[in-house]
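Noted in Swiss-Prot for the protein shown:
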ACT_SITE  Lys106  active site, proton donor
BINDING   Ser8, Leu9, Thr30, Ala31, Ser32, Tyr102, Lys106, Ile128, Pro129, Gly130, Ile131  NADP(+) binding site
BINDING   Ser71, Tyr102  substrate binding site
REGION    77-96  region 'Disordered'
Amino acid sequence: MPKLQLRSLASQDKIEEIFERFKPHAVIHTASPSYMDTKKTLMSKNVDGTKALLEAARTCSDTKAFVFTSSDEAIMPTQEPTSEENAHRYDENNAPNAPNTYALSKALAKRLVIAANSEELYTSVIRIPGIYGKYDDNFIPQLVSSMREKEHKMQVGNNTKVFEFLYVNKAAEAHIMAMKALLNPSTRDQVGGEDFFISDGKPQGLFDFCRRIYAAAGSPVRPEEVTSIPLSVMQTMASTMEWVYWVFTLGTVQPSLRRISMDHLDTGCCWSLDKARRILGYEPVQDQDKVIERTMDWTMKTF
């Protein structure tokens, strides 16, 4: 079995070297910088890097399928179940409306992938929200840290916006489903050039979900224990911190409290999974509580 190969998305030559060596039948492109990274890095890796991968895949005669991972941030927020056809996407024409560079870069990369669909290379996009599960070293560990620092009884804003969430095993499963469908002559025309919403199918308030995580970790929070901080207050604090850091470090150091994170709390998403169910055969987790418990059992032993 081939060993892990590390290459930069900024290096066309290195990417082509990988394709020439391994001649992959399919590509699942999940790589992306952090949403907090610089504009230059995000556009270079997410847009130019995706373009480089598509070109390498297109010129490799063995490569027939390309699956790209997009984000909930690359479409405009919605609070009603929205289908792929009705979603409003960010692009070059409405770039000023994009909440941040990460959202725009993922949206532009998605357009490249869909446009590349052809009889030589079938392409598809899996759009995902926030992921949780075993081996998560970002979202869930942050919640564990807030528990240990006795901050888990606080919430920012009124928690009325709903968000989608996705168990990591289901995220992997959906990508594999799309890949297999693209490689199958009987299904590739249905899947090629299409994007699919994938989630647990259980939209809920962000802090409601967080409190389910806390409960599974042994630190339940009763409604009367919750302390709410107005979102506008935290947005102002975050903007002030960023300005102070910029003045004293010339932008070389970023504060842990970022305006982009606070603004995200005022977005949300709510999706219809009908298309993924109908075409890919995708089914979300049946018991979200069970996979949350499984996630926290691993997390509390690891962190």
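Glycine is no exception: its Cβ is also placed from the backbone N, Cα and C atoms.
Since the structure is predicted, the reported quantities are computational estimates derived from the model, not experimental observations.
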(request) Can you see whether DSSP assigns Ile131 (NADP(+) binding site) to helix, strand or coil? (result) strand
(request) Please report the number of other Cβ atoms within 10 Å of the Cβ of Thr30 (NADP(+) binding site). (result) 12
(request) Given the binding-site residues Ser8, Thr30, Ser32, Pro129, Ile131, state which is nearest to Tyr102 (substrate binding site) when distance is taken between Cα atoms. (result) Ser32
(message) Give me the count of other Cβ atoms within 10 A of the Cβ belonging to Lys106 (active site, proton donor).
(response) 27
(message) Taking DSSP as the reference, which of helix, strand or coil describes Ser71 (substrate binding site)?
(response) strand
(message) What whole-number value in Å do you get for the largest C-alpha pair distance within Ser8, Leu9, Thr30, Ala31, Ser32, Tyr102, Lys106, Ile128, Pro129, Gly130, Ile131, the residues recorded as binding NADP(+)?
(response) 25
(message) Test of understanding: give the count of other CB atoms lying within 10 angstroms of the CB of Pro129 (NADP(+) binding site).
(response) 21
(request) Have a look at the binding-site residues (Ser8, Ser32, Ser71) and report the one with the fewest Cβ neighbours inside 10 Å. (result) Ser8
(message) Rounded to a whole angstrom, what is the C-alpha distance between Pro129 (NADP(+) binding site) and the residue listed as 'active site, proton donor'?
(response) 13
